[in-house]
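**Student:** This is the feature table in Swiss-Prot:
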BINDING   CYS15, CYS18, CYS37, CYS40  Zn(2+) binding site
BINDING   PRO121, THR122, GLY123, SER124, GLY125, LYS126, THR127, LEU128  ATP binding site
DOMAIN    2-56  domain 'ClpX-type ZB'
Amino acid sequence: MSEKKSSSGEKLLYCSFCGKSQHEVKKLIAGPSVFICDECIDLCNDIIRDEASSVETVAGPRTDLPTPQELCELLDQYVIGQNPAKRILSVAVYNHYKRLKHLGKKDDVELAKSNILLVGPTGSGKTLLAQTLARTLDVPFVIADATTLTEAGYVGEDVENIIQKLLQNCNYEVERAQKGIVYIDEIDKISRKSDNPSITRDVSGEGVQQALLKLIEGTMASVPPQGGRKHPNQDFVQIDTTNIMFICGGAFDGLAKIISERSEKSGIGFSASVKSREERTASQVMMDTEPEDLIKFGLIPELVGRLPVVATLRELDEEALIQILLEPKNALIKQYSKLLQMEGAELEIRPAALQAIAKKAIARKTGARGLRSILEHALLDVMFELPNEQNVAKVVIDEGTINHGAKPLLIYHEQAKVSGAK
């Protein structure tokens, strides 16, 4: 029985499992002719948790988490070159999600989160690396532009808007959002203007770094429900950012000079490197990036400390850009070939044209990002006229089309048949 009368005649309720009265426990929950206390509920939760962790141990350390080598191979399918950065990213992301899998386990060692800083020129693949990782792991992903952020209370985007976008990208599933990836681009553009802490208000520089710091190290972010604006007397969705992986990226123009100056100071005397400054490219110099260089550049020490994994990406050369045009799963040439195929035509880009495209992108200093605009410009007239043409078999792009704006060569079906017969 779960009900008894006390000596004073008062009706007492007892837990059906441990037998404690309603006065001995904090809470007694009633069911059909049974009662259970809060202490027994906690005990049941512990038993279920222990059973779940033992099942996980039997099944092995991971179920569907790719190893660093597998992650690196997946990145190879979409991103050309940048092998050192791929290895660093693969290990960091693997360790991060391995850490999340073991969060519920009781252990003396608490695994800290390692966020990532990607340093590399425009168009070197920073954003693509982060996007590919998120897609591979099937986790919510958002790209934020650091230049649009301001401190709370000023005109511009609040840093918590980043978490709001992440939540929107996973249909407001809080649990999924708390294990997502946030990529913050142009992080170098919010550097403070001098080495010394600012005495005036810097709402889009050091102030934003301070606001981002709380988000990156882990805080409870208050997000308006369903994308509304913040206003008083409103219920907020609480998101814990502790387990969100933050990847920050930037070109860091001028960082190579800071590194060179540090290297020259430390390399005086017989131990000095005889390699002249001209012999090393900016990309090679930036491979030696140290935390002190980033602080001198304008990132606050606390933020540098929260981004312990630094991966440097090299500037892409002509050979790498040609590979990007041809080799990845979603290579640009494959994309434009597919577009022309829908109109019944084949696309042929001659080797000299590929070299011309790569050289033009290098001259513009836009890296891989500039390849699409060059190809788009070369094929614009063809894509405009082709839907009205009935008989085009092949579109040929040569060096003259890229360098001098000459019209692409159109080969018609009759010509193709004649050349085939010969």
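For all residues, glycine too, the Cβ spot is worked out from N, Cα and C.
Model, not experiment: these values are computed from the prediction.
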**Student:** What whole-number Å value do you get for the CA-CA distance of PRO121 (ATP binding site) and CYS40 (Zn(2+) binding site)?
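**Tutor:** Taking the Cα atoms only, PRO121 (ATP binding site) lies 59 Å from CYS40 (Zn(2+) binding site).
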**Student:** Given the model, what does the mean pLDDT over the domain 'ClpX-type ZB' (2-56) come out as?
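**Tutor:** So the average pLDDT across the domain 'ClpX-type ZB' (2-56) works out to 77.
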**Student:** Can you check what DSSP calls CYS37 (Zn(2+) binding site), collapsed to helix, strand or coil?
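**Tutor:** In three-state terms, CYS37 (Zn(2+) binding site) counts as strand.
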**Student:** Centre the Cβ atoms of PRO121, THR122, GLY123, SER124, GLY125, LYS126, THR127, LEU128, go out 8 Å, and tell me which other residues of that chain have a Cβ in range of the ATP site.
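**Tutor:** The answer, listed by sequence position, is GLY120, GLY249, LEU313, GLY367, ALA368, ARG369.
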**Student:** Quick check: of the binding-site residues listed here (CYS15, CYS18, CYS37, CYS40), which one has the Cα closest to that of LYS126 (ATP binding site)?
**Tutor:** CYS40
**Student:** Which of the binding-site residues SER124, GLY125, LEU128 has its Cα closest in space to the Cα of CYS15 (Zn(2+) binding site)?
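**Tutor:** Result for CYS15 (Zn(2+) binding site): the nearest of the binding-site residues is LEU128.
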**Student:** If you run the three-state DSSP split on THR122 (ATP binding site), which class comes out?
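**Tutor:** Assignment for THR122 (ATP binding site) reads coil.
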**Student:** Other residues with Cβ within 8 Å of the Cβ centroid of CYS15, CYS18, CYS37, CYS40 at the Zn(2+) site?
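**Tutor:** Other same-chain residues near the Zn(2+) site: SER16, PHE17, GLY19, LYS20, VAL25, LEU28, PHE35, ILE36, ASP38, GLU39.
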**Student:** Within a 10 Å radius of its Cβ, which of these binding-site residues (CYS18, CYS40, LEU128) has the fewest neighbouring Cβ atoms?
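**Tutor:** So among CYS18, CYS40, LEU128, the binding-site residues given, the one with the fewest Cβ atoms within 10 Å is CYS18.
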**Student:** What whole-number Å value do you get for the CA-CA distance of THR122 (ATP binding site) and CYS40 (Zn(2+) binding site)?
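**Tutor:** Approximately 59 Å lies between the Cα of THR122 (ATP binding site) and that of CYS40 (Zn(2+) binding site).
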**Student:** What does DSSP say about CYS15 (Zn(2+) binding site): helix, strand or coil?
**Tutor:** coil
**Student:** Between CYS40 (Zn(2+) binding site) and THR127 (ATP binding site), how far is it from one CA atom to the other, in Å?
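**Tutor:** With the alpha carbons as reference points, the distance is 50 Å.
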**Student:** Could you tell me which of these binding-site residues, PRO121, GLY123, GLY125, has the fewest other Cβ atoms within 10 Å of its Cβ?
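**Tutor:** Output over binding-site residues PRO121, GLY123, GLY125: least Cβ neighbours within 10 Å is PRO121.
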**Student:** Using Cβ atoms only, which residues of the same chain lie under 8 Å from THR127 (ATP binding site) while being at least 6 residues apart in sequence?
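**Tutor:** When sequence neighbours closer than 6 are ignored, THR127 (ATP binding site) has ILE143, TYR183, ASP185, GLY249 within Cβ distance under 8 Å.
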